Structures are given as C-alpha cells and as structure tokens.
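A.B. asks: Handing you a structure now.
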Amino acid sequence: MELEKQRSKKDDDLATNGSGGTEEEEVSVERIFEASHEVPPSWQHQLTFRALIVSFILAILFTFVVMKLNLTTGIIPSLNISAGLLGFFFVKTWTKILNKAGVLKQPFTRQENTVIQTCVVASSGIAFSGGFGSYLFGMSDVVAKQSAEANTAMNIKNPHLGWMIGFLFVVSFLGLFSVVPLRKIMIVDFKLTYPSGTATAHLINSFHTPQGAKLAKKQVRALGKFFSFSFLWGFFQWFFTSGDDCGFANFPTFGLKAYENKFYFDFSATYVGVGMICPYLINVSLLIGSILSWGVMWPLIGNQKGNWYSAELKPSSLHGLQGYKVFIAIAMILGDGLYNFIKVLGRTIFGLYKQFKNKDVLPVNDRSSPNIVKISYDDKRRTELFLKDRIPSWFAVTGYLVLAIVSIVTVPHIFHQLKWYHILTMYIVAPVLAFCNAYGCGLTDWSLASTYGKLAIFTIGAWAGAANGGVLAGLAACGVMMNIVSTASDLMQDFKTGYMTLASPRSMFLSQAIGTAMGCVISPCVFWLFYKAFPDFGQVGTAYPAPYALVYRNMSILGVEGFSALPKHCLMLCYIFFAAAVIVNGVRDAVGPKWARFIPLPMAMAIPFYIGGYFTIDMCVGSLILFIWRKLNKPKADAYSSAVASGLICGEGIWTLPSSILALAGVKPPICMKFLSSSTNMKVDSFLSPS
C-alpha cells in the first residue's frame with residue numbers, strides 16, 4: 001500500500017469510543033434507531049439539494065488540503081472523520097435555522113450524512129488519484145528538466161485545464177461500474193469488514209444519537225478553534241517570506257549544519273496535525289528514514305564527489321547525489337509495493353478459496369438452504385434494505401462498456417503516445433484488478449492503487465518503447481489504471497458505510513459519481529491555481545516541490561530505458577535497499593503484531609530519502625503532543641484528537657487559497673526573515689556598511 005492513502009487506526013478508536021462507549025455485538029444499533037421512530041427515507045430523499053451544496057463547499061475545502069499535502073510531501077492521512085463531522089455540523093446548523101423559522105420540510109438523517117461524507121471524500125480523492133503530485137505533473141517540462149534523460153518534446157506534456165479535466169472525466173468513472181455487480185458478494189455474502197467504511201459508519205451512527213450529537217458539537221467547536229489558529233498562523237508566517245529561504249519555515253532549530261541536511265522544525269501546523277492522525281509507527285519510521293538518509297548516507301556519498309560522480313554537476317542533476325536520493329527511494333518504494341502486492345493478492349486468493357470451499361456465504365435469497373447462518377437483528381435489517389434498491393447488473397456492464405469505448409477513442413487524442421490497443425488491454429484486465437484491490441481493501445484496509453499504477457508504468461511504457469514516447473505513455477497509463485482501481489475500492493468502502501447506516505446503494509453510487517464529477521473539475525482548477533501562482537512550482541527545495549512527480553517520471557524512464565541513467569554504484573545500492581524493504585516487511589509479518597509495532601515501515605522510511613527530514617520533525621511533534629495528551633486524559637484525547645488535528649490541517653491548507661491569490665496579484669510579503677552564520681553575517685555587514 002502507498003503511504004499517501006494509509007488511514008489511521010485512531011479513526012477506529014474515535015468511531016468506537018467517540019460517543020462515550022463501545023459498539024459491542026450485543027448492543028443493537030438498529031433497535032436504538034427504531035426506538036427513536038427512524039424511518040430511512042427513499043434514495044431520492046437521501047440525495048438532497050442541501051447535501052449536494054454542503055458537499056460542494058466541503059469538497060473545495062478538502063481539495064485544497066489534499067492538494068497542499070500532495071505537492072509538499074505526498075503524505076495524506078484519512079480525512080473521513082473531518083468530512084463526516086463537518087457535514088454533520090453544516091447541515092445540522094442549516095436544519096436548525098429552518099426549524100426555528102418553521103419551514104423545515106425534511107429532518108437531517110444519518111443517511112443524508114453518509115451521502116455528504118461519500119461525496120466529499122470522492123471529490124477530494126481525485127486530488128490524489130488524479131496524479132497532480134505524481135504521474136500527471138511528472139509529464140511537465142518542469143519535472144523533465146530535472147531529469148537528464150527522456151526530456152524531448154515527445155515525452156513532455158505541460159498541464160492545461162482543458163485536457164486535464166477531459167482526461168479525468170473519461171477515466172475516473174470506469175472504476176465505479178467495474179465492481180457494482182459484486183456489491184452483494186463483497187458486503188453481504190463474504191461479509192468483508194472494510195475497516196475504514198465500518199469506522200466511518202460507526203462515527204455517523206454515533207452523531208445521530210442524542211449523546212453523540214452533543215459530542216459532535218464539542219468536536220466541531222474544537223475543530224473550529226484550531227482551524228482559526230492554523231489559518232491565522234499561516235497568515236502571520238506569510239509576512240516574513242518575501243525571498244528564498246525566508247520565514248519560520250526555514251528556522252534552523254537544531255543549528256545551521258542540521259538545517260543544511262534538512263533537519264529542522266518548520267513550524268507547519270499542517271504536519272503537526274498529520275502527525276497527530278498518523279500512527280506512532282509511521283512517524284517514527286519517517287524519522288528513522290530521515291536520520292539514515294540525511295544524517296548518514298548522503299553525507300558519506302557526498303564525500304565521494306569527484307569519485308563516484310562529477311564534481312561539476314548541478315545539485316539537481318540525477319547523475320550526481322540527487323540521483324542516489326531519487327533512485328534509492330524508488331527502490332525502497334518498489335520493494336515495499338511488490339511485497340505488499342504479492343501478500344495482499346495471496347491473501348485475496350486464499351480468502352476466496354476458503355469462502356467457496358466452506359461455502360461461507362449468507363444465503364439471503366435461498367431461504368430453503370440448509371446452511372442458513374443465524375444472523376443478528378442489525379445484519380438482518382441492514383441486508384434487507386441493502387438489497388432493496390438494486391443497481392441492475394446490465395446497467396453496470398453497459399456503463400463500463402460505453403465509458404471504455406469513449407475512453408479508448410478519446411485518450412489517444414489527449415496522449416498521442418498512448419495507443420488505443422494499450423487502453424483496450426488495460427480495460428480488459430482492469431475489472432479483475434479492481435476486484436482484487438476492492439477485496440484486498442475489504443480484508444486489510446490497504447488500497448494498492450498506486451502499486452497497480454506503477455505496474456502500468458512499466459508494462460505499457462516498455463510496450464510503447466523509447467522511440468515512441470514510452471515515458472509519457474507509461475505515465476498516462478498509470479493514470480488510467482490508478483483511477484479505475486482507486487475508485488473501485490473507494491466505492492466498496494462507501495457501500496459498507498451505507499450498509500451500516502441504512503443508506504441506499506443507489507444514493508451511495510450516485511453520491512460517489514457526483515463527487516467524482518465535482519473532483520474532475522475542482523481538483524484541476526485548484527492545481528492550476530498553485531501552478532500559476534508560484535513561479536518556482538515543482539522545483540526541489542521550494543514550498544511546493546511535488547516530490548513524487550520526479551519519482552514517478554524516473555520510474556517511467558527506468559521502465560523504458562533501463563538503468564543507463566543511474567550514477568556509479570547506485571544500482572548496487574538500489575538492489576540492497578529493494579531487498580531490505582522486502583526482508584523488513586517479511587520480518588514484520590513473521591514476528592506478528594506484538595513485535596511488528598517496533599519494526600519501522602520501509603515505505604515510510606523511503607519518503608524522507610528524497611524530500612528531507614524537516615516534515616518528520618513536525619509529525620513527531622504531533623505524535624508527542626498526542627502521547628502526552630493521552631497520558632494526561634486518554635478519553636478526552638481519543639474523543640477530540642482527530643478534530644484538533646483536522647483543524648490544524650485544514651486551517652493552514654485553506655490559507656493556501658488567499659496566499660495563491662496574493663501571489664497571482666503580484667502582492668509580495670514585506671519582510672524576509674533569514675538566518676545566517678556569524679561569519680556570513682559579518683561579511684554581509686561589511687558589504688552593507690563598508691568602513
């Protein structure tokens with residue numbers, strides 16, 4: 001699984017404990033709602049106008065947040081808690097005002113809340129699967145100039161709103177249709193857990209009980225306070241950033257030598273919040289990775305300058321030290337991805353084998369079967385409503401075929417290097433891969449969308465060939481494959497949430513489709529704002545380096561041109577770290593959960609290899625805050641930590657909108673706060689005030 005989309009176990013903690021207790025099997029959730037005279041509305045009344053308006057507003061907010069994270073480090077925590085919480089707050093406020101005015105026609109239900117959460121997460125998810133920080137921006141000349149190879153016009157396509165929106169519209173919906181016929185098998189028959197979807201359902205259910213509603217109001221208040229603090233902190237920092245390397249973000253916390261090696265606290269409220277959401281192991285793994293790379297390896301390799309690589313090279317050249325940073329990180333990511341791909345695929349095949357061998361399915365339609373399993377009242381009630389509003393299989397198959405034909409005809413006009421037969425081949429195997437990803441996600445909560453995307457990079461890129469723009473073809477193929485398998489697993493997670501909140505599958509499907517359509521427009525527009533507002537956008541060492549864009553482009557170059565791009569001894573180091581990633585993952589699985597929590601994650605360790613360790617300090621500060629808070633008051637920390645973290649993330653994330661507008665308008669900050677060594681400061685003083 002790619003770390004960017006890893007969700008936090010603390011989401012489950014909040015979902016189960018956030019309402020002041022645990023949801024045990026013997027407590028019937030549906031009897032509680034039945035006692036309050038809840039009647040689930042029809043699927044048409046779950047998709048309300050107010051739900052779509054709130055979804056649109058929140059989609060813009062979360063897209064800015066995800067885009068900023070995508071373009072800075074690529075680490076994106078689960079934002080399901082925030083989406084559900086803010087959706088509840090906005091519509092609850094809306095209905096409260098209408099109720100006081102005496103014009104409320106429809107009360108706010110948990111089904112409507114589920115629709116909002118689904119729509120928002122689907123929309124903001126396009127900011128990730130759309131590749132704005134990876135494969136799509138990796139096609140640009142900004143990224144191509146940072147690579148010595150394959151930077152000809154045939155392998156470059158610069159971002160433009162028109163083709164980006166068109167491309168996303170023709171590839172983002174196929175995943176929705178690919179797994180719709182399997183919803184009953186996955187949710188009812190196989191009874192897959194889908195931990196993210198289950199946790200979100202528990203959370204939404206708790207909001208709509210009297211006790212949960214009170215807690216939700218307090219959580220929203222906490223989120224609002226820290227949102228305001230984070231936004232104002234971002235605004236305050238802006239005044240000191242009028243030049244390069246200026247401001248609090250470049251504060252040499254541990255000294256100038258550590259600052260040169262990317263070790264410093266950059267006062268980012270966003271990544272302190274991300275650190276509070278991500279599990280401790282991920283944050284510690286990131287820190288270990290940054291110490292290993294920037295504290296040990298890069299200084300040692302840097303000492304070989306003039307021996308292993310030319311001393312005349314620019315710092316950004318991939319034939320120099322930068323090449324070791326990028327390609328060793330790629331080796332670790334591929335090693336981790338390959339191991340987890342094989343593991344999850346094996347678990348998927350074994351799970352299917354056991355299901356069919358033991359006939360461990362729930363015979364919902366065949367009441368005469370002798371293998372009827374005794375089920376709880378909740379499952380009986382949920383299954384009854386889940387199967388009530390069917391989505392016909394012919395609709396799903398027809399939709400997939402029509403969209404596939406449109407895509408096969410359209411995409412080659414957007415990317416001439418990608419031929420119709422490349423796309424046809426991907427669409428033939430895509431439903432199988434989408435099923436594997438959705439099933440594996442139901443078992444493990446791990447989406448391997450980016451791993452399937454990398455598989456497409458190597459296979460299609462090599463098939464197209466270097467002479468025919470294989471690098472660009474590989475990146476475009478990555479986008480096609482990633483969007484299909486990502487939306488398929490997301491939809492199945494939403495079906496699980498809908499199953500547990502009695503939301504209709506039809507309203508779930510439509511809200512996912514509407515959210516995807518919103519994302520196909522909102523995400524390119526937000527990216528375009530970043531792209532146009534900041535002249536140094538995408539450059540290493542800037543505010544928005546888009547680190548994964550260069551990583552994905554170089555994966556495509558490796559797939560097409562082989563290892564000719566690697567500097568001396570880099571290939572050997574890549575083999576070592578690839579093998580190390582596989583071995584460490586194997587050891588983690590072999591020793592079991594008890595000891596695995598003390599062994600770092602290779603994927604997390606790889607991220608700072610290229611980017612630097614500054615953000616890992618922020619995230620470890622977030623972990624430390626949460627750790628101390630839990631020691632002082634664990635119930636309160638479990639109830640409010642996700643809301644506080646979301647406020648920190650969203651506030652500074654939203655500040656990027658006015659800062660981008662100011663940059664476009666040519667308004668520059670008035671002050672540059674820079675830190676110099678005493679010797680450099682003396683030289684500056686003597687230059688400014690010659691005696």
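Keep in mind that glycine also has a Cβ here, set from the backbone N, Cα and C atoms.
Whatever TrEMBL says is automated annotation, not expert-curated.
Taken from TrEMBL, the feature region 'Disordered' applies to 1-26. Residues or ranges marked as compositional bias 'Basic and acidic residues' in TrEMBL: 1-13. What TrEMBL lists as transmembrane segment is 47-69, 75-94, 115-137, 161-182, 280-301, 321-342, 391-415, 421-443, 455-488, 508-531, 570-587, 607-629.
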A.B. asks: Given pairs 6 or more apart, does the transmembrane segment (570-587) have at least three Cβ pairs under 8 Å with the transmembrane segment (321-342)?
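C.D. replies: Yes, the stretches contact each other.
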A.B. asks: What residues in the same chain, six or more past the boundaries of the transmembrane segment (455-488), come closer than 8 Å to it by Cβ-Cβ distance?
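C.D. replies: Cβ under 8 Å, 6 or more out: 122, 125, 128-131, 134-136, 138-139, 150, 154-157, 167-168, 171-176, 178-179, 341, 407, 411, 414-419, 422-423, 426, 430, 433-435, 437-438, 447-449, 512, 516, 552-553, 555-561.
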A.B. asks: For the transmembrane segment (508-531), find every same-chain residue at least 6 residues outside the stretch whose CB is under 8 Å from a CB in it, and list them.
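C.D. replies: 43, 47, 51-52, 55-56, 59-60, 63-64, 67, 71, 114-116, 118-127, 130, 132, 137, 159, 161, 164-165, 168-169, 172-173, 176, 180, 391, 487, 490-491, 494-495, 497-498, 537, 544, 656-657, 660, 664.
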A.B. asks: Does the chain bring the transmembrane segment (115-137) near the transmembrane segment (47-69), so that three or more CB pairs sit under 8 Å (pairs 6 or more apart in sequence)?
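C.D. replies: These two segments touch.
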A.B. asks: When each of 75-94, 280-301, 421-443, 607-629 is checked against the transmembrane segment (161-182) for Cβ pairs under 8 Å, which one has the most?
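C.D. replies: Stretch with the highest Cβ contact count: 421-443.
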A.B. asks: What residues elsewhere in the chain lie close to the transmembrane segment (75-94), defined as a C-beta under 8 angstroms and at least 6 residues from its ends?
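C.D. replies: Distant contacts of the transmembrane segment (75-94): 3-8, 11, 14, 50-51, 54-55, 57-58, 61-62, 65-66, 69, 108, 112-113, 116-117, 120-121, 124, 128, 196, 199-200, 203-204, 207, 213, 216-217, 219-220, 223, 274, 277-278, 607, 615, 619, 642-643, 645-646, 649-650.
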A.B. asks: Hey, which of 47-69, 280-301, 321-342, 391-415, 421-443 has the most Cβ-Cβ pairs under 8 Å against the transmembrane segment (607-629)?
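C.D. replies: Against the transmembrane segment (607-629), the leading stretch is 280-301.
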A.B. asks: Apart from its near flanks, which chain residues at least 6 from the ends of the transmembrane segment (321-342) lie with a Cβ under 8 angstroms of it?
C.D. replies: 1-2, 293, 297-298, 301-302, 305, 309, 315, 446, 448, 450-451, 454-455, 540, 550-551, 554-555, 558, 565-567, 570, 573-575, 577-582, 585-586, 601-603, 605-607, 609-610
A.B. asks: Taking residues 6+ outside the transmembrane segment (391-415), which of them lie with a CB under 8 Å of any CB in it?
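C.D. replies: For the transmembrane segment (391-415), the far contacts come to 157, 163, 166-167, 170-171, 173-174, 176-178, 180-181, 183, 423-424, 427, 431, 472-473, 476, 480, 505-506, 509.
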